[in-house]
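Residues annotated as Mg(2+) binding site in Swiss-Prot: ASP48, ASP50, ASP52. Under the heading Zn(2+) binding site, Swiss-Prot lists CYS49, CYS65, CYS72.
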Amino acid sequence: MVGNMNREALFKTLTTGYLHFWSLSRKKLWLKGETSGNFQIIEEFKVDCDADAVLFKVTSLGPICHTGNYTCFYRSYDELVNSKS
């Protein structure tokens, strides 16, 4: 999945070992899995060349997507186009 982080979310992620995000719509910090129990445990992370993006490798305690899919990236472009026809 792709999510947003602010400094607080990054700090909480690094200090707890669980993936936290900043919700742009709710304007608040959230712990991934807080409601579903599908927590994301940090295994390692990398920072990009500009130090403005991070990539986390996680162990997932369940599906990541709110649809119940293991990943949010489960649809192909063709499926998306055909579903709108």
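The backbone N, Cα and C atoms fix where each Cβ goes, glycine too.
Locations of recorded Swiss-Prot features on the structure.
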residue	record	Cβ neighbours (10 Å)
ASP48	Mg(2+) binding site	9
CYS49	Zn(2+) binding site	6
ASP50	Mg(2+) binding site	6
ASP52	Mg(2+) binding site	7
CYS65	Zn(2+) binding site	13
CYS72	Zn(2+) binding site	14
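Cα separation, CYS65 (Zn(2+) binding site) to ASP52 (Mg(2+) binding site), rounded: 24 Å. Each residue contributes its Cα atom, and for ASP48 (Mg(2+) binding site) and CYS72 (Zn(2+) binding site) these two points are 22 Å apart.
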